[in-house]
Structures are given as C-alpha cells and as structure tokens.
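Student: Found this in TrEMBL, in case it helps:
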type	residues	note
TRANSMEM	B:27-46	transmembrane segment
TRANSMEM	B:52-72	transmembrane segment
TRANSMEM	B:93-115	transmembrane segment
TRANSMEM	B:121-140	transmembrane segment
TRANSMEM	B:147-169	transmembrane segment
TRANSMEM	B:175-196	transmembrane segment
TRANSMEM	B:217-238	transmembrane segment
TRANSMEM	B:244-264	transmembrane segment
TRANSMEM	B:285-308	transmembrane segment
Amino acid sequence: MAAFHEEHELHKRRFGRNLGLLAVLSAFVAIVFGLTIVKVSEGGKIEAFDHAVRPSLTVPEGGE
Amino acid sequence: MTDTTAVFDQNPEASFGDYVALLKPRVMSLVVFTALAGLVVAPVSVHPMVAFTAILFIAIGGGASGALNMWWDADIDSVMRRTQGRPVPSGRVAPGEALGLGLTLSGFAVVMLWLASNWVAAGLLAFTIFFYAVIYTMWLKRSTPQNIVIGGAAGALPPMIGWAVATGGVSVESVLMFALIFMWTPPHFWALALFMKDDYSNAGVPMLTVTHGRRATRVHILVYTLLLAPLALGIAATSIGGPVYLAASLLLNVAFIRGALRIWRRDESAAEADGYAVEKSFFKLSLYYLFLHFVALMAQSGLAAYGLGGW
C-alpha cells in the first residue's frame, strides 16, 4: 500500500481530466445562462397557451 | 515498481487531451470556419451570443461524428500508420467510451443548436452527423471507391447550417455553398491519395487510386475540377456574390484548372521523378482555393455593409 503515498503519474492525469471536465461543465453553464439572458431580452413570443383567453395571443381576423 | 503501478502502466488511462483528439480538432476547425462563413453572409443578422453558441454546437456536433467515426473505424485505424496513434487503436480510450462520447455529444449538440437557433439548423446538423457516421463511415467508406465523393456531402453541410441559423431556411445561396465544398472534396482528396501512398489497400478501404488505378484518378481530378469551376463562379451571380468574389473566384479557378491539367498530363514515372511535386502543390492550392473562396464571400458581405459590395 506504500505506493499510494507517492503520487503516481496516473493520479496527475486523472486530476487533469477532472479539471478539464470542470472547465467544460462551467463553460456549459455559462453558455446556457448567457443564451437565456439573450433570448429573454430579445423578446419575441414567450407567452404560450394556458387555457385562458389573452388578446396578445389571438390571431387578428383576416391576418396571419 | 509495485504490482499496482505495473497494472496501471499496462492499461494506460486516457488524458483529457485524448477525449479532445476523439473529436478531430482539425476537422472541427474547418467546420467552424465554413459554418461561420454561412452565417456571416446570410442576409439576417444574429445576436453575437446566439451566433457563438450556434457555431460552438455545430463544431461539437461535427466532433461527435468524428468520435463515432473513430469508434467504428478502430480496426482500420490500427492497420494504417497515419492513424495508429489515435486514442482508440492505441488503447488509451475504450471503443465503448468513444461511442458513448459520440452519441452523447451528438444529442447535446443538436438539442442545444435547436434551442439557440431553430429546428431547420438543428435538423441539418442531425442529418450531417447521421450522414458522416452512418452513410459514410459505416457504409460507403468500405464499399465503394466513390466514398470520398458521396461522403464529402457531410463536410459540405456546415455553411448550410450556418445559413439556416440566421435565416431559418435553405436557399439557392446556401445550396451553392454546399455544392462548392461538395465538388471540391474529390480533387482535394484524390491529389492527396496520389502522393500519400498510404496503406488503404491493406486496411480494405477501396480508394480510387487502388481500384481504378492512378491514371483514372488523374482523369477524375481534372473532370471534377472542370465541373467545380462553373459552380464556384455561379455563386457570384447570387445575392451573396459581387465583383470582389467574382475576381477572386476567377483567379482561383484559373489556377486550379491549370494545376489539374498539369496533373492530368503527367504519368507516374514523371511524378516519381520529382517526388510528386505537382500533386503536392495542387493539394496545397486546393486548401487555399476553398479558404479564399469563403474569405472572398465574407469580404463581399462585409463590404456590402458599407454600400460597396454586391451587384
């Protein structure tokens, strides 16, 4: 068991892999957050049908 | 060395870089560039964050198809010298891991592109991954010497995806950008096959140079180059073309056809005498050819913003 006290090259590689995964996941969270901010601030129709009549969602007569 | 470390050394675990290598970063860079070009020349402007996210996930989708390719082709890759050091044939990454990474990233990339842009772009990306992994890698690559021709469709789709991100659709301009890369791929790869006497035949991959001979390959390069020229010039007549693009395309096509003619005129003894100098220079030119066509398109689009471009 003594071998586990000194750091094997394998442990360094695993640590590097973990750091890489941390970077990827952090970047993913940042991207989803940034994309959400952009989508919300750009507006567009984010209302959806929820069984209540809302004029903003109705199609005008003769219109598209 | 203890028994434990000996076991570790016999089963090398992958580093983070090995998983990155599974995504074929060099192919990804081409995907990024052409998808960006398709997005930039499109007539609809896109928020920079949306554009960045879209390009990123197009690239990851392309990378995922690369991982699926390395999973399926591990047997061929271990035979060919050029590919023996790849993560799967060298044993650093298990085949199942490559498959898992490829499938997971494919799903992620398509869904994220859908959320960032629209279903047309996401659908095109899904089709690209399917085409490269299933149609090209699993089916055509080992069954026909036309593998390069039809398989090139996967590499030609990114500008169409970029265009779809901005416009939400497909148009004659985006189809022509697809056609440009599609017709360019065969002469590009066959020139490489002429001077890279790789061991494709040992691996059981039918390359045109092996199945139909090197003379036929030279003829094919010329024919495809001649068919490519009107397509490339035709883009100049569309809404994304203009005088800058037309001038660049004319020069590049003259040079490319000249190179193809020189390849066509030579025989093997002449090529071996000067170490395939003409074939190598044609291959190099082919890289500039595609790159500069898309640079010209983007320049044309950039100039249009100042009222200087277009017809």
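Cβ coordinates are placed from backbone N, Cα and C, and glycine is handled just like the others.
Remember, it's a predicted structure, so these values are computed and weren't measured experimentally.
In terms of burial and nearby residues, how do these features look in this structure?
Tutor: For the transmembrane segment (B:27-46), the residues of the chain that approach it from at least six positions outside its boundaries are 54-55, 58-59, 62-63, 66, 117, 155, 158-163, 165-167, 173-174, 177, 181, 239-240, 291, 294, 297-298, 300-302, judged by C-beta separation under 8 angstroms.
Within its own chain, the transmembrane segment (B:52-72) is flanked in space by residues 22-25, 27-28, 31-32, 35-36, 39, 46, 86-88, 95, 98-99, 101-106, 108-110, 112-113, 116-117, 121, 125-126, 128-129, 132-133, 136-138, 154, 158, 161-162, 165, which lie at least six positions past its ends and keep a Cβ under 8 Å from the stretch.
Beyond its flanks by at least six residues, the transmembrane segment (B:93-115) meets 14, 18-19, 22-23, 53-54, 57-58, 60-61, 63-68, 70-71, 74, 87, 121-122, 125-126, 129, 133, 161, 165 of its own chain at Cβ-Cβ distances under 8 Å.
Outside the transmembrane segment (B:121-140) by six or more residues, the chain places 54, 57-58, 61-62, 64-65, 68-69, 72-73, 102, 106, 109-111, 113-114, 146-147, 150-151, 153-155, 157-158, 160-161, 164-165, 168 with a CB less than 8 A from a CB of the stretch.
Proximity of distant same-chain residues to the transmembrane segment (B:217-238), defined by a Cβ-Cβ separation under 8 Å and at least 6 residues beyond the stretch ends, is recorded for 172-173, 176-177, 179-180, 183-184, 186-187, 190-191, 193-194, 208-209, 245-246, 249-250, 252-253, 256-257, 259-261, 263-264, 266, 282, 293, 297.
Sequence-distant contacts of the transmembrane segment (B:244-264), counting only residues of its own chain at least 6 positions beyond either end whose CB sits under 8 Å from a CB of the stretch, comprise 187, 191, 194, 218-219, 221-222, 225-226, 228-229, 232-233, 235-236, 278-279, 281-282, 285-286, 288-289, 292-293, 295-297, 299-300, 303, 309.
The list of residues near the transmembrane segment (B:285-308) in space but at least 6 beyond its ends in sequence, with Cβ under 8 angstroms from a Cβ of it, reads 33-34, 37, 40-41, 159, 177, 180-181, 184, 187-188, 191, 232, 235, 240-242, 244-245, 248-249, 252, 255-256, 259.
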Student: In the same chain, who gets a Cβ under 8 Å from the transmembrane segment (B:175-196) while lying at least 6 residues past its ends?
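Tutor: Result: 34, 37-38, 41, 82, 148-149, 152-153, 155-157, 159-160, 163, 207-209, 214, 217-218, 220-221, 224-225, 227-228, 231-232, 234-235, 238, 256, 260, 263, 271, 276, 279-280, 282-283, 286-287, 289-290, 293, 297.
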